[in-house]
């Protein structure tokens, strides 16, 4: 009796439904892994930390990492404290928001100017074509935080507000909208700095308005100009030289907000 020929497994043609299912499962696995990473980051890092001695930075790098150890030493000549933010892609906006509102607790004149500009900002965005219904809740949260400062809240209570996920994220969304609005209003100027053949509007839709998109020079310039708040960023990376590189946005202005930038991340600095 002749041996039975082994049955050949029927192969699915390329581009079949099974391939699509495999791709979907792969995508879902990646998303699940990313969610786990984000959850781990969230557990380990508050949205905005307590104020810490700047010396905590030394422990984040190996003792023989001479480049960073030297740059931290240089930074220590100019600043005494740091307040860390969660590395979630929204750190620039959160750091800016907390730093400036905290400073306004001791600057009533700037508080009134900032409140007036912020109150009018929704009207400016609507006049540009942003939908009032869409942005209203975010603007209300922004104004609520400013009014909390106006009532002389404590730093601890302001910090609690910034560590409330929904409040903090609504603030970030609104600051992103303000950044987008300014870039689009001044599109003739900013179009020269955008790569990839994109329009300013496309850049804003892809790189500014979505949550968790990291920020660069162009975002900082736009937000500083939109709210007339000067920002000084100390850049610390592996570049040569034992000092951090300070940049003031806009150039020549008197800084109100001080931030530390390490590749992909912003924290708050204090003199």
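Each residue, glycine too, has its Cβ placed from N, Cα and C.
Quick look at what Swiss-Prot lists:
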MOD_RES   16  phosphoserine
SITE      23  site 'Required for proximal ubiquitin-binding'
MOD_RES   26  phosphotyrosine
DOMAIN    80-271  domain 'OTU'
ACT_SITE  88  active site
ACT_SITE  91  active site, nucleophile
REGION    130-138  region 'Ubiquitin-conjugating enzyme E2 binding'
REGION    169-177  region 'Ubiquitin-conjugating enzyme E2 binding'
REGION    189-195  region 'Free ubiquitin binding'
REGION    206-213  region 'Ubiquitin-conjugating enzyme E2 binding'
REGION    214-221  region 'Free ubiquitin binding'
SITE      221  site 'Interacts with free ubiquitin'
SITE      235  site 'Interacts with free ubiquitin'
SITE      237  site 'Interacts with free ubiquitin'
REGION    245-251  region 'Free ubiquitin binding'
SITE      261  site 'Interacts with free ubiquitin'
ACT_SITE  265  active site
SITE      266  site 'Interacts with free ubiquitin'
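Mapped onto this structure are the features recorded in Swiss-Prot.
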residue: 91; record: active site, nucleophile; Cβ contacts under 8 Å, 6 or more apart: 85, 265, 266, 267
residue: 221; record: site 'Interacts with free ubiquitin'; Cβ contacts under 8 Å, 6 or more apart: 249, 250
residue: 235; record: site 'Interacts with free ubiquitin'; Cβ contacts under 8 Å, 6 or more apart: 244, 245, 246, 247, 261
residue: 237; record: site 'Interacts with free ubiquitin'; Cβ contacts under 8 Å, 6 or more apart: 262, 263
In three-state DSSP terms, the structure that residue 237 (site 'Interacts with free ubiquitin') belongs to: coil
Least Cβ-crowded entry, counting other Cβ within 10 Å, from the recorded sites listed as 261, 266: 261
Recorded stretch that, among 169-177, 189-195, 245-251, has the most CB pairs under 8 Å to the region 'Ubiquitin-conjugating enzyme E2 binding' (206-213): 169-177
Composition by DSSP (helix, strand, coil) of residues within the region 'Ubiquitin-conjugating enzyme E2 binding' (169-177): 9 helix, 0 strand, 0 coil
Secondary structure content, the region 'Ubiquitin-conjugating enzyme E2 binding' (130-138) (per DSSP, counts of residues): 7 helix, 0 strand, 2 coil
